[in-house]
Each structure stands twice: as C-alpha cells, then as structure tokens.
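Novice: Quick one: structure below, then a few questions.
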Amino acid sequence: CQRWDSQSPHSHPHTPQAHPDAGLKENFCRNPDNKERPWCYTTDPTWRWDYCDVMEC
C-alpha cells in the first residue's frame, strides 16, 4: 500500500490532514469513505487502489 500522506504514485484527497479521525497512518488499510471494506492506494502506478484482505473486527 501507498502511504496515506504520500501523493505518489497516486494523488488523492484522503490525507491524514483532510481526515484526522480516520486513522490514516503509514500505509495501513483503512476505509475513510465507507467502501465495502478496508482498502488502500497501491504502489503500482497502473493500479490505483485495491481492497485489503484483512479480517473483519
């Protein structure tokens, strides 16, 4: 996953500053916009984002 505080390789609006209560730290999978499940921007320039394979709490 791409770090949430990084704009490379994908620029995006989901930054820790824009969403201070969303826990957007490091490159951890999160769900800041209430998608189906946690996701992250990828480090692959050709694949913008993907869902994460994590267990539901």
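Our numbering is plain: 1 for the first residue shown, then up by one each step along the chain.
Any Cβ shown, glycine's included, is placed from N, Cα and C.
Residues or ranges marked as compositional bias 'Polar residues' by TrEMBL: 1-10. TrEMBL lists 1-34 with the feature region 'Disordered'. The disulfide bond annotation in TrEMBL covers Cys1-Cys40, Cys29-Cys52. The feature domain 'Kringle' is assigned by TrEMBL to 1-57. Taken from TrEMBL, the feature compositional bias 'Basic and acidic residues' applies to 22-34.
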Novice: Under 8 Å between C-beta atoms and at least six apart in sequence, can you list the same-chain neighbours of Cys1 (disulfide bond), or say none if there are none?
Specialist: Asn27, Phe28, Cys29, Cys40, Tyr41, Thr42, Thr43, Cys52
Novice: Could you tell me how many residues in the compositional bias 'Polar residues' (1-10) are helical, how many are strand and how many are coil under DSSP?
Specialist: 0 helix, 0 strand, 10 coil
Novice: Whose Cβ, among the disulfide-bonded residues Cys29, Cys40, Cys52, has more other Cβ atoms within 10 Å than any of the rest?
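Specialist: Of Cys29, Cys40, Cys52, the one with the most crowded Cβ is Cys40.
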Novice: Per DSSP, how many helix, strand and coil residues does the compositional bias 'Basic and acidic residues' (22-34) have?
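Specialist: Helix, strand and coil residues of the compositional bias 'Basic and acidic residues' (22-34) number 0 helix, 1 strand, 12 coil.
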Novice: So, three-state DSSP: helix, strand or coil for Cys52 (disulfide bond)?
Specialist: coil
Novice: Over the domain 'Kringle' (1-57), work out the mean pLDDT and round it to an integer.
Specialist: 94
